[in-house]
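Just below is one structure, and these are the notes that go with it.
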Amino acid sequence: MTERIPLAIPNIGDREIELVNEAVRSGFVSSVGRFVSEFETQFAEYVGAKYAVACASGTAALHIAMRLAGVQPGDLVAVSDFTFMASSNAASYQFAELLLVDSEPESWSMDVVKLRAELERRKAAGEKLPKVIEIVHILGQPADAHAVIELAAEYGITVIEDAAEALGAVWTEGPLAGKHVGTVGQMGAYSFNGNKIITTGGGGMFTTDDEALAQRAKHLSTQARLPDRGYLHDEIGFNYRLTNVAAALGIAQLERLDEFVATKRAIARRYNEAFAGTDIQTPPDLPGKESTYWLYSIQVPASRGEHARDELQDFLAEVDIESRSLWRPLHMQPPLKAEAVIGGEVGEDLFARGLSLPCSTDLTESDQDRVIKRVLEWIQLAGE
Ligand SMILES: *Cc1c(COP(=O)(O)O)cnc(C)c1O
């Protein structure tokens, strides 16, 4: 009997248990306690942001960013079409209208050329322009943020980075060289959900270089309560703070982030080598962008028929290997049917053919070999 190989599971060690124990024993189990502020400081230092505010989830961090960008009902938010729905939910919570922007086929992230053409068209036609451009660093891959920032500056638009999936990813060339994803727009958001590269069970982080925004983020995340003797609130806030217990877990995980990133990259290298020379398409690996390969995802060749992705997934499931399809693009989501979309075909194709393979940071080489062997076997069978 073989053991089931999961897609991606948390990697919790002794240090995590030690710090969580300490947090629980201290009695400070809720949103007060030293771990929250320590986690914020260490996180900001790691990614190179001036300020970090811990949040209850990545979605909460994104929602706060939308609020701070001043997104009001009916405002337009441009967002990558090919992403997990949390990216747009944050804008929808503010009753924004969406402009869904298709991906480039090479990077799988927002097609800035298409977005620029659309903004020019809207401007000429006197139509609504976005208040925010939200770029998503998809699957650990840095997006084309520099081009987005330049475009946004021309139009006076705020840039929010959804870096939920890409903590640890960096640019190595060009104007953003040396920068971490999530630190180059006005505001960034990260997630520590159970399947992300580091986890706090559930949690997120808001980052910015702007002190006023950071203070407002903390204020909004704590019910907008003023430091007054009585309960005085100067606006409608949220209960979006991370707990001290979760932050303790986060600190221990952050200590291991470099190790996790190196492991994810090693896993990607082994898969890439194994699939070279087959018609399996490996994930983007572009000059100047160092992906973490958070979820290693392949594209099943179109020539294998329209159900090939599902067939491969079923084939792997039968031998106890978990895999998962990529996201259905936002323009195909029922609640977003009426939103504006630029293109959409690239995202549809990525969805139709995309499959994420096991890539837990504790995946053994022999388990990875088992996955590789089965994928190659399927390629042969499907090719006959
Ligand atoms: C996971 C994820 C989020 C949301 O993070 P949560 O912590 O689960 O709320 C947002 N955007 C993307 C692209 C994600 O993958």
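In case you wondered, yes, glycine gets a Cβ from its N, Cα and C as well.
Annotation comment: TrEMBL describes Lys196 as active site, proton acceptor. Of all Cβ atoms in the protein chains displayed, 24 besides its own lie within 10 Å of the Cβ of Lys196 (active site, proton acceptor). DSSP assigns Lys196 (active site, proton acceptor) to coil, not to a helix or a strand.
Annotation source TrEMBL lists N6-(pyridoxal phosphate)lysine at Lys196.
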